[in-house]
Amino acid sequence: MRLNQKAASTQTISKLVDFFNHYPDRKPYSFFIQLFLLIFFIISRMIQYIGNTKTMIIMKQPENIKELFSYRLNRLAFLSSTLAESINQDLFGLDKQSWRFIGLLAAFAPMSLKTLAKEANIDKSRASKAVASLSERGLIQRKNSDSDGRSIQLSLSEEGEKLYASAFPIALRRNNEILDVLTPQEKEQFDVIIAKLIFRTKILMDLHPGRKKGGTEAPDRKP
């Protein structure tokens, strides 16, 4: 907001400089008419800015659960993941959790089961079943950790990497199709807003008493 104000002030000053540079030899009445119009323009922009600021400050408060930010965000996530699951199920036989595991391991392997479950936002028991199913299909391989022989590290097999290479371009296209409704500027703002909200929510989770007593992240559920 401060940057916008500074830019607007700079633009206004530039207009004034241009005005006095272009009209030094005009008749007095012409000069005052032009000056009046310029002042009128500046006042109009100030009124518009004040109106926009009030609109931003006076935000309508949610009146029911469906208007809460968390509900609306969960609804968006549900619709997006449902669309992804229907496509991945038809093309690759992957449900929502399986695709997340394939994608995470493609980018961040090797990973332990505990880390994989945390990153996918599901509980460890469900993660274990999903990993077992993917292992049976030959998409995930297990290997003892080099630093700790008792720890099992997960990664994609050759077949898993081939599947990911086919599935990710489709996911990327679907991602872009959803975001195409936004302008480039809105997309940048959306990324910044999401990052801020994630950071803020993590802080609030750490401050919650239940988290300090060893609470776990809630499993992924439909709204």
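Backbone N, Cα and C define each Cβ position, glycine as well.
According to TrEMBL:
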- 29-47: transmembrane segment (TRANSMEM)
- 66-199: domain 'HTH marR-type' (DOMAIN)
Secondary structure content of the domain 'HTH marR-type' (66-199), with strand meaning DSSP E or B: 98 helix, 11 strand, 25 coil
Rounded mean pLDDT for the residues that make up the domain 'HTH marR-type' (66-199): 93
